[in-house]
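Visitor: Dropping a structure here in structure tokens format, bear with me for questions.
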Amino acid sequence: MDVTIQHPWFKRTLGPFYPSRLFDQFFGEGLFEYDLLPFLSSTISPYYRQSLFRTVLDSGISEVRSDRDKFVIFLDVKHFSPEDLTVKVQDDFVEIHGKHNERQDDHGYISREFHRRYRLPSNVDQSALSCSLSADGMLTFCGPKIQTGLDATHAERAIPVSREEKPTSAPSS
């Protein structure tokens, strides 16, 4: 007997007013029927709601900040350990890759993989880049900016991921 398992009512949004996005970065969290047919979910079941509020840590969305002194990337990688992550800089791009093999979780077995690529500003000092992973799974990539008259090096190199013992609070805009 096939039984459809519905997502809990408190995790549903207001249909077309706040539609879900199929390509949101939920690493292996699974798809629901409203992800595939968002326009039908509110017409088939008017009481069917998706969550209105998703925090940065729950959504896996990255945040990029670039101010006068530094360039910072925050990325939620809570399902990955530092050994599962590879961060490298090549030319004007930073590439963050995460992959872990199949492992057991509460619902069965799962494997995850992602690849993100960000363009670095031309005035970031690539020789002083750092990357750390907090206890709550927030990856922080940081690079100081140099004065505009100096030239930055653009050779490919790997950036080691260090582990922090304290959790990182969600980045605020």
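Any Cβ shown, glycine's included, is placed from N, Cα and C.
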Visitor: With respect to Swiss-Prot, which of the residues GLN6, GLN126 bears the note deamidated glutamine?
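Guide: Looking at Swiss-Prot, the deamidated glutamine feature maps to GLN6.
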Visitor: Can you check which of GLN25, GLN90 Swiss-Prot annotates as deamidated glutamine?
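Guide: Of the listed residues, Swiss-Prot records deamidated glutamine for GLN90.
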Visitor: Within the region 'Required for complex formation with BFSP1 and BFSP2' (1-63), what mean pLDDT does the predicted structure show?
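Guide: 52, rounded to a whole number.
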Visitor: Return the residues near LYS99 (N6-acetyllysine), defined as same-chain residues 6+ apart in sequence whose C-beta is under 8 angstroms from its C-beta, sorted by sequence, else 'none'.
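Guide: Expected: ASP84, SER111, ARG112, GLU113, PHE114.
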Visitor: What is the separation, in Å, between the Cα atoms of SER162 (O-linked glycosylation site) and GLN90 (deamidated glutamine)?
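Guide: Distance (Cα to Cα, whole Å): 20 Å.
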